[in-house]
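Record features (Swiss-Prot):
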TOPO_DOM  1-11  topological domain 'Cytoplasmic'
TRANSMEM  12-34  transmembrane segment
DOMAIN    18-145  domain 'EamA'
TRANSMEM  38-60  transmembrane segment
TOPO_DOM  61-72  topological domain 'Cytoplasmic'
TRANSMEM  73-95  transmembrane segment
TOPO_DOM  96-99  topological domain 'Periplasmic'
TRANSMEM  100-122  transmembrane segment
TOPO_DOM  123-128  topological domain 'Cytoplasmic'
TRANSMEM  129-146  transmembrane segment
TRANSMEM  150-167  transmembrane segment
TOPO_DOM  168-179  topological domain 'Cytoplasmic'
TRANSMEM  180-197  transmembrane segment
TOPO_DOM  198-211  topological domain 'Periplasmic'
TRANSMEM  212-234  transmembrane segment
TOPO_DOM  235-238  topological domain 'Cytoplasmic'
TRANSMEM  239-261  transmembrane segment
TOPO_DOM  262-270  topological domain 'Periplasmic'
TRANSMEM  271-290  transmembrane segment
TOPO_DOM  291-296  topological domain 'Cytoplasmic'
Amino acid sequence: MDAKQTRQGVLLALAAYFIWGIAPAYFKLIYYVPADEILTHRVIWSFFFMVVLMSICRQWSYLKTLIQTPQKIFMLAVSAVLIGGNWLLFIWAVNNHHMLEASLGYFINPLVNIVLGMIFLGERFRRMQWLAVILAICGVLVQLWTFGSLPIIALGLAFSFAFYGLVRKKIAVEAQTGMLIETMWLLPVAAIYLFAIADSSTSHMGQNPMSLNLLLIAAGIVTTVPLLCFTAAATRLRLSTLGFFQYIGPTLMFLLAVTFYGEKPGADKMVTFAFIWVALAIFVMDAIYTQRRTSK
């Protein structure tokens, strides 16, 4: 990868993780809407937002080319399921006072990226990366052994998003086109659920206040902008390098949870956080050292 691509990837990754970091504040505004309904709005409005964006950017030629490769279309169905599950779990966690555990999941994610990069992409571990991964595993095991609890939400978010990044990396599809196909795969299920199954005080848009409807429509923008930045970054950076930026989002989530939303980490969570933070510190220092050494 050339220097220009790397610089673009860095900027895109920074933008993606910053927006993701403050995204919980948006979902807190619509906390009274069921998580499954918010998910359907994310899918539906993301699809239409992508159609408009593709038209403005005149990128329909990419879609025509992609349609000629059915294998990639099928793999985008797999990535759609992964990201859809990740979205649902994240929304539920934020609006059910588990923002801290959600942030833990995204702290763990960079280390999962390293493991997947080694297993599926042939990326080699350095010794310090091994140490970081082992410390992260120890943090989860200590919580399980000492406190008898397992950070299910955190692990679910970490692994679903890591596998999503891996699949998108392997497919190597242009970011906007891939996002359009993913939401197109999810659209029928989302539409059927919202208009035929969902039955709550907020499921009928014709009866909702305009302010709520605008917030629900905004789910498309909140969803697609950072995800487009992420998928574009994933095609320009090594998966392990992409993991370097992941700490930005969960740090912002952690600060939001503790400072603005009154969540207090218990002893079990703090033990795991401590291990993960030390692991990430080692990972970051190793990445900086390696980058400086190779640039000489």
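The chain as shown is numbered from 1 upward.
Cβ coordinates come from backbone N, Cα and C, glycine included.
Cβ atoms under 8 Å from those of the topological domain 'Cytoplasmic' (61-72) belong to residues 54, 171, 173-174, 176-177, 180-181 of the same chain, restricted to positions at least 6 beyond its ends. The stretch from 38-60, 129-146, 212-234, 239-261 with the most CB pairs below 8 A to the transmembrane segment (100-122) is 239-261. Note: the stretches the transmembrane segment (271-290) and the transmembrane segment (73-95) are not in contact (fewer than 3 CB pairs below 8 A, sequence gap of 6 or more).
When Cβ-Cβ distances below 8 Å are used as the criterion, the topological domain 'Cytoplasmic' (1-11) is approached by residues 232-233, 235-238, 241-242, 245 of the same chain, each at least six residues removed from its ends. Per-residue pLDDT, averaged over the topological domain 'Cytoplasmic' (1-11), rounds to 81.
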